[in-house]
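Chemist: Starting off with a structure, shown below.
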């Protein structure tokens, strides 16, 4: 068998090849008129790939499916167990087998909002270390709001000519302002909607870059943490 040069290139450690980074974000979710329906997948993929490039960890791509709480009705999602059994587990098993991955960071860009509590069981079943990175969700703010549009500017996926159409009466998913069931079921969603109602959408490339950089650095930190955990 060929001996691989694991320390070659700009990598933080030869062992970093044992760590994978997997993106998880919805491809089929309305984000108002200024952002595409696969915004979550693109943001999560960008963050995951950039962290991979800066550390040398393996980029494992993006999961095709996404799950969401049943009261959030702004896109097409699948059941949590279907995503877990049909998408997430097979990808991680194949990465473990084909790439000798012993650990992974899952970058959640709103594609796995019901999966975080499954991580411990997932680690036991797959016999690998996993960190669930939720930084994008934590910092980008209301759905299809200023934060996401600002990040979209940096990625080149935002259409600023349509900002004038960003009205919740036309696109109820903006800030989830018009998603009454979701607002009634989840105080956090209602709080974010109230912020968006009050402040509107104010795109800012500086904010967008800051959000992306923060998320990338968070994933890099997780990669370093996993390296310390590996035998």
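Quick reminder: no glycine exception, Cβ is built from N, Cα and C everywhere.
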Chemist: Since Swiss-Prot lists 40, 110 for Fe cation 1, which candidate among 29, 120, 125 does it give for that site as well?
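Modeler: Among 29, 120, 125, only 29 appears alongside 40, 110 as Fe cation 1-binding in Swiss-Prot.
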Chemist: Other than 29, 40, 110, which residues of the chain come within 8 Å of the Fe cation 1 site, judged by Cβ distance to the Cβ centroid of those residues?
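Modeler: Not counting the recorded site residues, we get 25, 26, 31, 39, 41, 66, 68, 75, 109, 111, 143.
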Chemist: In three-state terms from DSSP, label residue 110 (Fe cation 1 binding site) for me.
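Modeler: Where residue 110 (Fe cation 1 binding site) sits, the three-state DSSP reduction gives coil.
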Chemist: If you count Cβ atoms within 10 Å of each one, which of the binding-site residues 29, 40 comes out on top?
Modeler: 40
